[in-house]
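Student: My structure is below; once you've seen it, I'll send some questions.
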Amino acid sequence: MRHLLTASMPRDEAIGLLDLAEDMHQIQDRELKKLPALRGRTVVNLFFEDSTRTRSSFEIAGKWLSADVINVSGKGSSVSKGESLRDTGLTIAAMGVDGVVVRSGASGAPALLADWIGRPVVNAGDGTHEHPTQALLDAFALRRRIHGGAARGKALDGVRVAIVGDIAHSRVARSNALLLPALGAEVTLVGPPPLLPPAAADGSRLGVRAEPSLDRVIDERPDALMLLRVQLERQAGKVAPSAAEYITGWSLTDERLARLGDAHLLHPGPMNRGLELSSRAADSDRSAILEQVTAGVSVRMAVLYSLLASDHPSAELGGAR
Ligand code: CP
């Protein structure tokens, strides 16, 4: 059984997935956006947390590959009556579905589901743990920016990426800190000290380094800056610093943007304009944010195809068990 539960994967496998996503990306230029690869397959999107980008792009990806796609959310399903994750998963599997995409507020839920249901499972974001397809689409968009377009076979060797924000609670940061170094990138985790995980101080263990000062990192002229969302729904009033302190120390303001040079700007969305970054930064030609959204469809097509197409030659994906 093959799953995608983590962004931790060998370099060759990551490049192979990004290359397959490049093949899928060509569909964006077609008038008729439909491939027959998953005809007769059924995919369930099981979302226990809100989502715009991930849920829509998995649905589009499945439909463009001709799969039948069913959306199930926590609200409106029997989960709201108290049904457990295990019983929900077994119920969906019993209907004969071929794969499940799951987002959950509980770290580790996709791995449990993978053990229980006997179907390929894709982690679409679990708690503060991982968001592997987000990291893959970030790498895809950044690879295109760095290499000036489709870049089959290429990695991100020596590309200096700073990830800025609440590192400790970010599944996006964790998945990127696993995937980007595997592709050769040099990753710096930047954020308020209470929001940097203790392990980040020991860069040798993670293969990344930690730096509390965004201004010092900007002076180093990184190749890319990834601004993380301040997760207002998870930390309102519970986590220091305050919004005003955050803006002073870690927001990409217009003044910092002017000092940043030509760095590419990434943000997983949804953005809090004026908090993580200014509107000028978000809308500048250095921003790859909408390219990330487009990449999300291509990367998720590649993942679904890899896991569910009967004719796909690849044996394994990251997190395969
Ligand atoms: N980046 C991301 O996961 O966005 P959504 O919550 O809208 O899916």
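Cβ from N, Cα, C; glycine included.
Where the annotation comes from TrEMBL, it is an automatic prediction and has not been curated.
Checked TrEMBL, it gives:
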DOMAIN    3-143  domain 'Aspartate/ornithine carbamoyltransferase carbamoyl-P binding'
BINDING   Arg53, Thr54, Arg103, His131, Gln134, Gly269, Pro270  carbamoyl phosphate binding site
BINDING   Lys81, Arg171, Arg229  L-aspartate binding site
DOMAIN    157-306  domain 'Aspartate/ornithine carbamoyltransferase Asp/Orn-binding'
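Help me picture where these features are in the structure shown.
Tutor: Applying an 8 A CB threshold to same-chain residues 6+ apart, the list for Arg53 (carbamoyl phosphate binding site) reads Pro268, Gly269, Pro270, Val293, Gly296.
Taken residue by residue with DSSP, Arg229 (L-aspartate binding site) is part of neither helix nor strand, so it is coil. Listed in sequence order, Gly165, Val172, His267, Pro268, Gly269, Pro270, Met271, Asn272, Glu276 are the same-chain residues at least 6 apart in sequence whose CB falls under 8 Å from the CB of Arg229 (L-aspartate binding site).
Mean predicted confidence for the domain 'Aspartate/ornithine carbamoyltransferase Asp/Orn-binding' (157-306): the pLDDT average there is 92.
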Student: Whole-number Å distance between the CA of Arg171 (L-aspartate binding site) and the CA of Thr54 (carbamoyl phosphate binding site)?
Tutor: 14
Student: Can you tell me how many other Cβ atoms are located within 10 Å of the Cβ belonging to Arg103 (carbamoyl phosphate binding site)?
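Tutor: The answer is 25.
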Student: Out of the binding-site residues I have (Lys81, Arg103, Arg171, Gly269), which ones have their Cβ sitting under 6 Å from ligand 1?
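Tutor: Close enough to ligand 1 are Gly269.
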Student: Where Lys81 (L-aspartate binding site) and His131 (carbamoyl phosphate binding site) are concerned, what is their Cα separation in Å, rounded?
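Tutor: Per the Cα atoms, Lys81 (L-aspartate binding site) and His131 (carbamoyl phosphate binding site) stand 27 Å apart.
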Student: Using the Cβ centroid of Arg53, Thr54, Arg103, His131, Gln134, Gly269, Pro270 as the reference point for the carbamoyl phosphate site, which residues of the same chain not in that list have Cβ within 8 Å?
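Tutor: For the carbamoyl phosphate site the neighbour list reads Ser51, Thr52, Ala124, Gly125, Val172, Pro268, Gly296.
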Student: When you measure from the Cβ of His131 (carbamoyl phosphate binding site), which residues in the chain that are at least 6 apart have a Cβ under 8 Å away?
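Tutor: Residues satisfying the criterion: Ala7, Thr54, Asn123, Ala124, Gly125, Arg171, Val172, Arg174, Ser175, Pro268.
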